[in-house]
Each structure stands twice: as C-alpha cells, then as structure tokens.
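S.K.: Next up is a structure, given as structure tokens.
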Amino acid sequence: MPNVIANLMLLLWPVVVWRLFVALPPGRALVWSLLGAYLLLPPPPAKFDLPLMPALDKESLPHLAVFGVVVFVLALKPKILPESRPARWLVLLFILSPVLTVATNSDPLIFTERYIRGLHLQDAIAQPINQFIMLIGFLMARNFLQTREDQRDMLLALLIAGLVYTIPTLMEVRLSPQINNWVYGYYQHLFSQTIRGGGYRPMVFLYHGIWLAYFMLTCLLAALALWRGDTRQSRIKFLIAACYLAVILVLCKTLAVLVYAGVAGLMIIMLSTGAQLRIAAALALIACLYPAFKAAGLVPTDFILAQAEAVSPERAASLAFRFQNEDILAARAFERPFFGWGIWGRNHLHDPVTGQITSVSDGYWVIVLGVWGAVGYAAQFGLLSLPIFLLWRRLGQARSDARTRFVRETSFSMRGDSHPRADLARVSVSPYVGPLALLLGVNLVDLLPNATLTPMTWIISGMLLGHAEMLARQRKEGVEEGLRAMPEPARRRTVL
C-alpha cells in the first residue's frame, strides 16, 4: 500500500505547479508540471478518492492543478476549443460521446455469484469530466506551445529529464526495480515481469518497464531532433547525449522500442521535413484504421509472429498471447460496435460463474474500442492524429505559395512593374515539426500492442495542432495583406 510519502507527494504537487507557473513562461511551466508529475509522482494504486470526484492520481491531479492555476489563479484565459473546425468537432465528440455509451449500457452483466451493474446517470456526468481532464494537456499545449522556440523548449525538457532519469534507471538495472518500493512503499507491477535477459528491466516511478523504455526512446529522438534542427556549433552535445541514451535504451531490454529507435532515428537524421510528415501521416493512418484492418482480417499476425520467432522465441510467445487476447476482446467490442460497453470492466470476458475477468488487455486500441466503441475510438485517435495531417497540408500549401510567389515576382520584374512585397504569406514551418510528428506517429503505432498513452503524447499532439493553426493564421493574414497591396489594374483608354 502507498505510504505517507506517496500521499504527501500527490498532495503537494498543485503547489509545485503554481510555483512553476509563477517562475516560468506558461509553455515551459506546462511542460515541467506534467513531465515532472509523470516521472516523479507515485503510480497507481496511489490516489485520492473523493466523493463525486474522479480519482486524483499521478495523471489527473497534475492536469487539474494546471487548469486551476492557468484559469483561476493566473487568469490567462486560454482558448478551450481549437480554431480548426475538424479539431473542434473531435474535441466535442471525445468529451461527449461517453454520454451515448452510458445511454446504451444501462443493462447489468449477471453471473452466477455476482453481477456488474449497468451505467447510470452519475456515469454520464463523471465520464465526460474524466475525458476533459485527459485533454487538459492537449488544450493547454495548443495555446502555449505553438512556435519553433516552444518546440525546442519541449524537446530540451525531454532531453534534460531523460538524462537525469538515467541515474535511477542505471541503479535499477544493477539492483533490480526497487526505487518505487523504497520511496513509496510498494511495487507498482509484478516483479516477475521485470526479469529479462539475465538482468532486470527498470521502472523507477513509471507503470512498467515498457513505459520507461518508451520514455527513454522519446528522449533519444528528442536529442536527435535537437541535433538536426539546431544551427549552432555546440549542437554536437546533442549527438553525444543521443549516443548515451541509446546505451541506456539497450539496457531497458525492450525489443520493440529498440526497433522504433533504429528506424525513427534514421528518419530524423536522413529525411526532410516533408518526408518525415508523410511517414508520420502513414503511421497515424494505420493506427486510425487498425480496427477496420483487424475486422477484415488484413493484419498479418502469422508473418509478425514468424519474424518475432526468428529473433526470440520467448518474445514470440508473449506476442502470440497478446494477439490471442486481442482477438477475443475485439470480438467482444464488435458486439456493441458504435458506443462500446462502457467502464467497470464490462468490455472484458468474464467467468460465467464467478464473474472474474478472464481476458487480458494490452493494446490501448482494443481498450478504447471495447469501452467507448467506434465513435469514441474515432474521436480519440482522430484527435491525436489530426495535427499530423494538418501540418502535412500546411507544408504543401507553404511550398505552393513559395512557387507562386516566385512566379509573380519574376513576372512583375520582367514587366518593370513594382510588385507587392506581401502578395503571399511567407509561412515558415519549424524544423522540429517533422521529428515531433514522427514521435507522435510512432507512439500511435505503439498504442496497438501497448497502452503507452502518456501526458507527453497529448502535449506533443496539442503543440503540433497549435503550430498548424498558427501557420494557417499567418497564411491567411499574408494573403489578405497581399491583396490589399496589389496595385489596381490600369484602366483602358478608349478613343472617346
């Protein structure tokens, strides 16, 4: 059970959030408030259960603290709904679709020895609140992390946090995952799952070794993005940090994350921003359409298992177990395809006598599909993916505008006329957009076998949406200014 220190850390974190927002610009304060909470606060079961309130744990409590400080203490007045119309509708659908899930799941699930109640009016109130809390980081990042400098701050924060976190990580590699038990008084996961390859998979204060490995992957890719996007001579330090983090990532003993690191790292180093956005869009599309692929039998599970078997029979057995449960839970989800089964474990299979859950859910996609149905799945994965598609479109528009600008200016010069200086928007896409989009795309694909949705996922998606909306505003303002600057066409002189 969590000790006094665990409860005290949760209790004091709103004060930390307040001090960060007083001392730092809003964007940096937002990043460190949520990133620090993710890395330092005790994982479940440490939480506060208050009447008529969602459980306050290491994710929900910092988000509520950020919202309270920004809106009520500092009165910064962030815009809650996005400017992009598709994003606005997806936000509303994400928050409100649980009401329809509650309305279609009032029936209890009855077993011989127990039953699981149906969903009631209180769930129709509580679940939209939970959905909004989940979105706070996304919405605040869209407001406060829009520019190139903001993106660099975010990547630098990830790198610094990752480098500091390697110290307890190396301790657990050597001594076994004990730090959460020493500090907070409990193990956050089965100790047997930390034993891997003759050693240990570290966890520190995260949920599982997979989460820590994925965080180190994020920090490694952040270092490569800073090295690629920075123009200063001192950028070699980012490459050195990336090499160090690559060694730490190997010690985390998670094969899939090593594959992500190799592929995504090469893409960040070698590909242009446009190519990175195209690949990120393809990854996001795969994640969005995965349930349809699964229903149509288009997921090559046999091929994937054969490749895993060639690398590690143990990993292949684990993957086969995941696929087996994924098929079971997907079939369960398709029984109520539109709005899902709702909460309280109703999306699982149960023993008909005892009512105990007999299925295991690993992939986040099948959890969302089973709980909230296709509507909730489209809202959540669509909202996470949309910024990538918007930025891909904005980059294409910027290139088209540049070509048109060149043709117009050349035409005016050849005629000897003075051409307007602002005939089209000069939109500058941040060099960090491609790596951040790749980071998000890889995370979306990892949500298929795992449940590695973290506050950083929402922050990256929100900051990319904010940048896309900023580019759209710049383009619109530039076009309007150009139209005002265009000279009036000369009137023809007639003989009369």
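Cβ coordinates come from backbone N, Cα and C, glycine included.
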S.K.: Which range, 1-19, 153-171, does TrEMBL list as transmembrane segment?
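M.R.: Going through 1-19, 153-171 one by one, TrEMBL flags 153-171 as transmembrane segment.
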S.K.: For the transmembrane segment (153-171), give me same-chain residues lying six or more residues beyond its boundaries with a C-beta closer than 8 angstroms to one of its C-beta atoms, as numbers and ranges.
M.R.: 27-28, 31-32, 35-36, 39, 145, 179, 202, 204, 212, 215-216, 218-220, 222-223, 225-226, 238, 241, 244-245, 248, 251-252, 432, 435-436, 456, 459-460, 463
S.K.: When you scan the chain for residues with a C-beta under 8 Å from the transmembrane segment (205-227), skipping those not six or more beyond its ends, what do you find?
M.R.: 38-44, 152, 155-156, 158-159, 161-163, 165-166, 169, 177, 179-180, 183-184, 188-189, 193-194, 196, 235-236, 238-239, 241-242, 245-246, 248-249, 252-254, 257, 260-261, 264-265, 268-269, 432, 435-436, 438-439, 442-443, 446, 450, 452, 454, 456
S.K.: Rank 60-76, 88-104, 124-141, 364-392 by Cβ pairs under 8 Å to the transmembrane segment (275-293) and hand me the top one.
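M.R.: Answer, by Cβ pair count: 364-392.
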S.K.: Against the transmembrane segment (364-392), which of these stretches has the most C-beta pairs under 8 Å: 60-76, 88-104, 124-141, 239-269?
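M.R.: Selected stretch: 88-104, with the most Cβ pairs under 8 Å.
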S.K.: For the transmembrane segment (60-76), could you work out the same-chain residues 6 or more beyond its ends whose Cβ comes under 8 Å from its Cβ atoms?
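M.R.: Residues packing against the transmembrane segment (60-76) from afar: 10, 13-14, 17-18, 21, 26, 30, 33-34, 37-38, 41, 48, 54, 130, 133-134, 136-137, 140, 455.
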